[in-house]
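Engineer: Sharing a structure below in structure tokens format, with a few things to ask.
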Amino acid sequence: MFITSKEMRRIELNSRWLGFEEDFMMENAGAGVARVVIGEYSPNDVLVVCGTGGNGGDGFVTARHLDSEGVDVDVLLVGRREAIKNEAAELNLRRLDRAGIPVQEVRDSEDLESVDFERDVVVDALLGFGIRGRLREPVRSAVLRINEASRAGTRVVSIDIPTGLDPDSGETPDVAVEADLVVSIHRHKRGVRKLRDVFLRRVNAGIPEIAERICGPGDLITSDIWRRDPWSHKGQHGRVLIIGGSRKYVGAPQLAARGALRAGVDLVFLLTVDAVPKNDPNVIYRAVPAERLEPEHLDEVDLEGVDTVVVGPGLGADADSVGILRELAESFDGMIIVDADGLRGISGVNVDDRFVLTPHAGEFRREFGEELGRSLEDRSEAVRRVSEELGCTILLKGRVDVIGSPDGEIRWNVTGTPAMTVGGTGDVLAGVVAGVAARCREGFEAACIGAFVVGSAGCLAERRLSQGLTAEDVAEYVPKVLRNPWAAEPEAVTEVRRD
């Protein structure tokens, strides 16, 4: 299995959230690399060439384990010690010092002239999967020296990715290490698929399988929604339209609007009936004098001026949800989040990957005729079948939220609390998913992030307010999760294991 650098970073961060610290993963990775080096080459002497980041930390651990097996090891640190900001790498450098393993520091390219690179094996631990582009000095010169040694007969082993190779595209913008063997940590990175005459091995860093399947801080931190141009202007960070509300349900669309705003979008429009109070100054209202919303009411809004539309909160069972969704499917190019009564119209619409459906178990059963089993695996399989069949994203709400992608990938959200059974939290979720989708423009990613953020916000609200929280409280805690994604615990992770 080959994965992107973004996906690998997501998995690492989610592992840390589960309690598997970076030092633990680094120790396992480096020990695994050392075993591969010994098993493949049985070297007498090895030079481990390390950078100042996490890949260098893997190299420090590799050197220590090679030394413990009786291999003559030297470590070359390409960069200044004080430039190491990764705590686990810094810790493992100190361990090398205490183990008496020599570490030579290279501050500029001239320092490389005295280094003997012609060993039995050189381990490339300069740069990992998070770095791309042209190499800077003295790293570039170190790569050239490694390649000279390779041509002279030295075996070269790269940790995770050959330094200089783009981890995703496999392109080489400048120069790259000419490795004989690449030892991938956890999963092979996509970029190595383009390598020829290079052996691939994979070692386990101790990352649990569940870290790949859950939604967590890694989903949020690796998302593009964090990026804001200092010169950006109003509307550039997302514009959301909420379509909902009726004379019977006046609060639901307001809560969805609040969720979108708290997710960080710039502008939120609300198309609703005039019975809904226009009492939020942050929302731009488009109210029509009608009992319920109809497709022709879409003329009241500029669909070209929004990125994402939410259909359903408070819409009412008698609204023409089929007509509204059909019109949107034909005339709107952005993401469409369908919740609550909006789901009643799904059967009459050609759904595609622009759609994110957010049913609870009863709505899922009603709309898709799928009986949901009691186990998480049964529910996951049902979501997978429907999301693949429709070609859209489905977020099935529950104790553990199940998110299915158009191509059948399944993720689980394990945040949340029973206190969130209070009315309106689903409306907040629809708004948050829309807010995220307006910025990342990808339905599955938005659903994963939205579920994690809202569940975490509910946990924080309960921690502060106990059982008496409201949907508004949950919305108010959304920015706190965006600021600190680590604040909530993976409350329902034991439910996953139990199933």
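A Cβ is built for glycine as well, from the same backbone N, Cα and C atoms used for every other residue.
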Engineer: Kindly point out which candidate in Asp97, Asp120, Asp124, Asp197 is recorded by Swiss-Prot as part of the K(+) site with Asn55, Thr163.
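Structural biologist: The record-listed residue among the candidates is Asp124.
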Engineer: Can you check how the pLDDT averages out over the region 'NADPHX 1' (54-58)?
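Structural biologist: Looking only at the region 'NADPHX 1' (54-58), pLDDT averages out to 98.
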Engineer: Would you list the other residues of this chain near K(+) - those whose C-beta lies within 8 angstroms of the C-beta centroid of Asn55, Asp124, Thr163 - in sequence order?
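Structural biologist: Other same-chain residues with Cβ inside the cutoff are Val49, Gly51, Gly59, Ala125, Leu126, Leu127, Gly128, Ser158, Ile159, Asp160, Ile161, Pro162, Val177.
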Engineer: When you measure from the Cβ of Met420 (ADP binding site), how many other Cβ atoms are you left with inside 10 Å?
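Structural biologist: I count 24 other Cβ atoms within 10 Å of it.
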Engineer: For the binding-site residues listed here (Gly314, Pro418, Gly424), tell me which residue's CB has the most neighbouring CB atoms inside 10 Å.
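Structural biologist: In terms of Cβ crowding, the pick is Gly314.
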Engineer: Other Cβ atoms within 10 Å is the metric here; tell me which of the binding-site residues Asp401, Asp427 scores highest.
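Structural biologist: Selected residue: Asp427.
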